[in-house]
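Novice: Here you go, one structure.
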């Protein structure tokens, strides 16, 4: 793609997200979401491959549906209650419709079916943008409307997402689909705690972005798209293979890695709020996710794959990629747990 065109598209992507962040009026927020969607469509379709075009079409239809639902809900609220402000969303029909529309935008269960299919058709860099940056604008709106939404609905969506995210990834061999189900599970944890501790949701989102970026950049460096290819990546860079296994365990939420922090704090907060059953169910669904992360770790570090691969021959060539972002993000994805006391003190302010 022409660098000037790419610059314009990435700038529009940033503009759409910032516009949604800064808006207090539903029409302005909707405009930001639309700019965001329209900016990423050409980036998704730049491969000119049937899979990429199919993924782009599915993504466009899904996002257009969600945007139409948001517009319908905000118009309904303005008609019935006379308010266009995001914070003044008060009618039950409008709040439920907005929640479902934002769940559809984010790929939360039970409206998650588009996400694995779309992510599977994209290259890893575009998949990274879709899994991280594209979650920010809908989440900003969700945090603003969360106080007016029925807490039972939020808890149900959160628990269902963690369950679907764990269950769906169990039988996958394609790494992009596994990352999609991982995304659904992590977003479920964030929605679970959204109404009780929004600051904890932001912490979880930040750590999710760090860990997912590290995982995607590692896969891109190794040029791995399936578990079979991942099993041969230790020949290219043994150090990166070892660190990638730790990043996957961090995504699974194992101590003493960074990914344990949000899960620990969320379970603690749910117990404080008198929801021990929800906390237990969430912790049990995390075991499902942990299984497929461990499966990837096993393939990555403990397997010498016996059969002939159709992938590029994995010789140890000199890296031509810039690896500084990967190095910084991997360090953050592995070593932030000791900062938990400082983080909890900041959240308490």
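In case you wondered, yes, glycine gets a Cβ from its N, Cα and C as well.
Marked as domain 'NADH:quinone oxidoreductase/Mrp antiporter transmembrane' by TrEMBL: 23-288. Annotation comment: TrEMBL describes 290-343 as domain 'NADH dehydrogenase subunit 2 C-terminal'. Look at TrEMBL and you will find 60-81, 93-116, 136-166, 178-196, 202-219, 240-261, 281-305, 317-339 tagged as transmembrane segment.
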Novice: Which residues, given as numbers and ranges, are at least 6 beyond the ends of the transmembrane segment (178-196) yet have a Cβ under 8 Å from it?
Specialist: 103, 106-109, 112, 115-116, 118-120, 127, 131, 135, 139, 142-143, 146-147, 149, 151, 154-155, 157-166, 168-169, 172, 204-205, 208, 212, 215-216, 251, 262-263, 266, 269-270, 273, 278, 282, 285-286, 289, 292-293, 296
Novice: Mean pLDDT over the domain 'NADH dehydrogenase subunit 2 C-terminal' (290-343): what is the value?
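Specialist: Mean per-residue confidence for the domain 'NADH dehydrogenase subunit 2 C-terminal' (290-343): 77 out of 100.
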Novice: Go through the chain and flag residues at least 6 beyond the ends of the transmembrane segment (202-219) whose CB is under 8 A from any CB in it; none is fine as an answer.
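Specialist: Same-chain contacts beyond the ends: 124-125, 127-128, 131-132, 135-136, 139, 143, 175, 179, 182-183, 186-187, 189-190, 193, 225, 230, 240, 243-244, 247-248, 250-251, 258-259, 261-262, 265-266, 325-326, 329-330, 332-333, 336, 343, 347.
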